[in-house]
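First up is the structure itself, then whatever we jot down about it.
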Amino acid sequence: MASQTAKEGNSSMLQTKPLGMSSPSRSRFFFIAQVTLRVLAIAFTVSAISVMVTSGQSVLIFGFTLKARYSYSSALRFLLGTDAVACAFSALSLIFLYLLRFSRSQLTIYFYLFLHDMVIMVLMNSGCAAATAVGYIGRYGEERVGWDAVCGHVDKFCHRNLVSLVLSYLAFLTYLALAIISASKLMY
């Protein structure tokens, strides 16, 4: 009898719950946060894509037509591609997250969700960094190399690309938050 009580006492110590919310409300919060952030990521990337694709501008300077399009820059095309990939995988991860609610092996699925969020976050970070570098050169130029700033001539193009870049950074931040939430779920 005493050994059975000791076993029950030891097993209850192993089953400690984290401080704060109970397990069902914590799981509900996790699910709602995941869905909300993934929908936000889709909205940010779709908006960034639409702004980038419509950002072309043509101006006449000294009898020459200067055209500025996102497709002329490999960094802006890369950002557009990363936004498209992040948008598609965000939509797929919403389906995956819905199926998670019916799964028994949740720890494995949480790990894959965390891994997915980290990969997309790193991809978004690289696309945003590349476009930021090109945008900086477009706005301020690089005197030592002889590259002139072009944003003084095609300001509408530069402004729209800046808006697209900010939306992409917001998508990156949503994936950062998703990675943090997924990591915290793995800890418990």
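Just so it is clear, glycine is given a Cβ too, placed from its N, Cα and C backbone atoms.
According to TrEMBL, the feature compositional bias 'Polar residues' maps to 1-15. Annotation comment: TrEMBL describes 32-173 as domain 'Casparian strip membrane protein'. Annotation source TrEMBL lists region 'Disordered' at 1-21. The transmembrane segment feature in TrEMBL is assigned to 29-55, 75-100, 112-137, 162-183.
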Same-chain residues at least 6 beyond the ends of the transmembrane segment (162-183) with CB under 8 Å of its CB atoms are 30, 33-34, 37-38, 40-41, 44-45, 47-49, 51-52, 55, 79, 82-83, 86, 110, 113-114, 117-118, 120-121, 124-125, 127-128, 131-132, 135
Who are the chain neighbours of the transmembrane segment (29-55) in space, where the CB to CB distance is under 8 Å and they lie at least 6 residues beyond its ends? 21, 69-70, 76, 79-80, 83-84, 86-87, 90-91, 93-94, 97, 101, 113, 156-157, 160-161, 163-165, 167-168, 170-171, 174-175, 177-178, 181-182, 185
Taking DSSP states H, G and I as helix and E and B as strand, how many residues of the domain 'Casparian strip membrane protein' (32-173) are helix, strand and coil? 106 helix, 12 strand, 24 coil
